[in-house]
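Pulled from TrEMBL:
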type     : residues : note
DOMAIN   : 2-219    : domain 'Glutamine amidotransferase type-2'
ACT_SITE : Cys2     : active site, nucleophile
DOMAIN   : 286-426  : domain 'SIS'
DOMAIN   : 458-599  : domain 'SIS'
ACT_SITE : Lys604   : active site, for Fru-6P isomerization activity
Amino acid sequence: MCGIVAAAARREVSEILLEGLRRLEYRGYDSAGMALLDNEGNLLLHKQLGKVSELERVQALQPHYGCTGIAHTRWATHGEPSAANAHPHISGDRLALVHNGIIENHATLRDELKAAGYDFASSTDTEVIVHLLHYYLQQGLDLLEALRQAVARLEGAYAIAAVDADHPDQVVAARQGSPLVIGVGIGENFLASDQMALRQVTDRFIYLEEGDMALISPSSLQVFDQQGEAVSREQTRIDEVVESVDLGGYDHYMLKEIYEQPRALAATFSAGAGLLSDDACFGDNAADIFDRVRNVQIVACGTSYHAGMVGRYWLEELAGIPCEVEVASEFRYRKRVQHEGTLLLTISQSGETADTLAALRNAAPGEFVGSMVIANVDNSSLVRESDLVFLTRAGAEIGVASTKAFTTQLVALLMLTIALGRRGGMEPETQRELVNALQRLPDYVQETLELDTNIEALSEAFIPKHHALFLGRGIQYPIAMEGALKLKEISYIHAEAYPAGELKHGPLALVDDDMPVIAVAPGDELLEKLKSNLEEVRSRGGELFVFADRAAGFESEPRVRVLNMPHCPEAMKPVIYTVALQLLSYHVAVQKGTDVDKPRNLAKSVTVE
Ligand code: G6P
């Protein structure tokens, strides 16, 4: 999704801005642009449809140099992907501005500005901000005050950075609802929507808070709160080594990340050493909050929502704790009634998903006994704003379709189940068994990865198909949903997941030889029921792909292809079946020739509603 990078330095910054954009590329975008102020105070602009490499190409052909600049990757919301709609947007040849977020009242503002004589060069919501800023500068206000007046007119979410040719060493910024961080340098300062973009130039960051505005120059940085008071925000040093984000010999990040799972799962579990006796891995106040938890409300989006659905089975079955799960975009707008003693648990790889963040922020005072997030990105908004934090140790996930983040979220959820279960009378023996299973999980996943060639062979049958049906029962139902989501995200095959028992209440009507049916069928207590569902499919000419425990007694036969999965403890099955389905989608997508790591229209981090 959209990304911002900005710099105010004494050295030339075009390469810093481009490198920042390259680091944000994985989030998904459709166009990119950069504006620089040169030594003579000229505003120089490049904007391109397509990849950052396109922007680099025009920069090489017609180099623009400057010590102050802003840059952006755009993911279209208002107006189609095009060079005209790419940011930065300009006003009056002196001002350039980049924006993440959505301005809800842009139509009214546009009419007003047109009446005041402004011409619009794009169909974006963003362009109203730059003209508003221009309008207030014309009234004689200084740059910061003009920005304050401009953002006071905005309804919606924004992170903004702007430069003005009349203030050639300054960048001004504002945030409300979209993240923005200052990168603190020596004799230079930076801004970005994500610290990742600036790790090449600094390890010191100041996270702006809601309603903050900032002004940076090479020698100074100032932050002002919503009331316009100068404030001092805490500076954070991020010491961890920047992970290598190269492909490491794999063809795609997604495949690399699928194969990184044994290590990511082990690292995530090792963060909870001592889990059987204390809650330290969830944060300082964890024991106090957990003691008061009677229910859990999970809120998340996309793949993280599926993790939450798996978590509900564990929390209810293993810990005896009532649990609700809801997608954040619904939860945030619904009038709700909470049970007493409810923990609000958000799950998010990025920690920045707009709807999930809004769900946390909209919680009424006293509605929950506390909030907790399971996130993969330290210092993200959800991490900074939640009472308790469990950080998954998946490492940077670049592929838009989430893989290792999901399975590490499952580990975190099972660890939380143990921590809460300890209080609700979960047998010590059960706790130990779960911990032992988690310890061995990387081995079960490794065994599953070794089935890659067999899974690749199965995937060929999907190439000519346009639809697929995934079935699962019990805790494997959300795994079927996640399998269907992966397939549609990266191979563009329409895929649906159903609880196997619902088959005859509708989807059976769709089953024919163009509709492969994938069944997630570990040898659990529901196996016999699932077997009869599968017969219903087969007797209607459907082609079956059964992912089954090798002990379950399924055998391949005409129109039934069976993948024998490793035998492992019950609680580990959701993880290993997920890995197998990830590989299936991956191979289908590769053979279909889609953009596996950056599927069309999707973004890694959805920071707008
Ligand atoms: C986007 C991504 C998904 C992700 C979802 C939620 O849709 O493409 O992979 O599951 O956002 O993101 P989060 O960072 O909150 O887990």
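Glycine residues also receive a Cβ, built from the backbone N, Cα and C atoms like all the rest.
With DSSP states grouped into helix (H, G, I), strand (E, B) and coil, the domain 'SIS' (458-599) comes out at 66 helix, 30 strand, 46 coil. Cys2 (active site, nucleophile) and the residue listed as 'active site, for Fru-6P isomerization activity' are 10 Å apart (CA-CA, integer value). Each residue in the domain 'Glutamine amidotransferase type-2' (2-219) has a pLDDT score, and their mean in this model is 94.
Counted within 10 Å of its Cβ, the other Cβ atoms near Lys604 (active site, for Fru-6P isomerization activity) come to 23, all protein chains included. Around the residue listed as 'active site, nucleophile', the same-chain residues at least 6 positions away in sequence with a Cβ under 8 Å from its Cβ are Tyr29, His72, Thr73, Arg74, Trp75, His87, His99, Asn100, Gly101, Ser193, Thr607, Val608. For the domain 'SIS' (286-426), the DSSP counts in helix, strand and coil order read 60 helix, 28 strand, 53 coil.
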